[in-house]
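A short worksheet on the structure shown next.
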């Protein structure tokens, strides 16, 4: 079973990809996977201008970077071997494994809360629906938190920002566990979600260590941690709910978070290129090797201004609203993630029919984890295939729509899984308990595939704007998942009569079929749609004007959203 790949149309920015050709064996920091600077007056793009200047011979001509005051800026070309790209493979994967655990721990905090609901209801005399506010508020705040932390990690480095984020997330667990009233839990859960740096930093670290053509395996690994963490929560939560009191839900989050922070503190070095350049420049000055060399941040008149921060924060939301590709694929990805949190509520209702207790209800989520691992293994050969095509065909292979090919076949598993789950979850008189879990596994395969493929496609399609495009994707996933926690139980209890559990999932299955349609439209019509995009037009015009430079050096007059 095959699909015909779309052919680039004349004039279409079909190769508008983050996977642009490398210039003189280097990568422009501003065009890496999930970086955020794209305007020419953005301090990040200013640094990129220096990094993208061509060099002659094997030695870099530092005089080209000399200023009127005699200071010279150290660029990536001058010390490429000091950057994260040149870390040994075992060091990269050690760092990435710790990053995997960081992402798992933050998403663990979103899923495990549901096992404290009954205890919170009884302790503070609130309704079940009110108790779910603690889960909803965390996810909604998480959606904004990921966007708020990103520019700071790019300005001050990944390591200190991640340490600060982990510290704050851990601190807010203590008042939740000791809460004298329900309001304390809601406020601290909100602050905990807002403190979570999440994927905006972890994916950024991936981009710090792998060139854009080589990071597919690393991104697939990080995506597995992102989707898996929220499902690990209910699995462990089942043990907590069965044998411990509700405050232990928060104490366990603190223990997991503290252990993860300690690992990050010890094993993860700084990976951000600009910070490493600053350190190398200071080392050269101190050793007397070059007293006039300075890092990019050292030569800035000011660090991140309020105006620049607001521009960076605003762009993901503008792209989410104005770009049809970003909007549709983000809604698809967000809806898919919301299903997992809907399951968090529906599993208890469904498997109570088979006599499952708190512990076995939690273990039922292992079916979703198995689905994620299967999807991850499915994508590994596809990542390898795309790498081989790029090596063989070069720029001709960099059509963004190639990234959606595998999703064409895996996305239908979501509505199929939902409909199958619906009509095998009506009780032991009609199906064994394993039947709905098999379909839950199919849904998990689709969920991972949607997240992985949509991120990969947006990175390829939006070049220097890819961080903002994927930021909208992440925002939609967390925000819609938060909303899902509030409607899930009423959905399964109030729709339909005798088979109300089945009709709830049936409705979700029909919606899943509808929101998956844009995948097929973008696969065949993507180049034409992107040709009409203001962002794509900006990238294409800039590439034509600056033929020898990277597309991240965007012209101010071409900005679709001038400030």
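Each residue's number is its place along the chain shown, starting with 1.
Glycine too: its Cβ is placed from the backbone N, Cα and C atoms.
Feature list (source: TrEMBL):
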REGION    1-73  region 'Disordered'
COMPBIAS  1-10  compositional bias 'Polar residues'
COMPBIAS  19-40  compositional bias 'Basic and acidic residues'
COMPBIAS  49-60  compositional bias 'Polar residues'
COMPBIAS  61-73  compositional bias 'Basic and acidic residues'
DOMAIN    95-530  domain 'Major facilitator superfamily (MFS) profile'
TRANSMEM  216-236  transmembrane segment
TRANSMEM  248-268  transmembrane segment
TRANSMEM  324-342  transmembrane segment
TRANSMEM  362-384  transmembrane segment
TRANSMEM  404-424  transmembrane segment
TRANSMEM  430-450  transmembrane segment
TRANSMEM  462-489  transmembrane segment
TRANSMEM  501-524  transmembrane segment
Best-packed against the transmembrane segment (362-384), counting Cβ pairs under 8 Å over 216-236, 248-268, 404-424, 430-450, 462-489, is stretch 430-450
Looking only at the domain 'Major facilitator superfamily (MFS) profile' (95-530), report the model's average pLDDT.
87
Intrachain residues whose Cβ lies under 8 Å of the transmembrane segment (404-424), provided they are six or more past its termini
1, 3, 5, 336, 339, 375, 378-379, 382, 430-431, 435-436, 438-443, 445-447, 449-450, 453-454, 457, 501-506, 508-510, 512-513, 516, 519-520, 522-523, 526
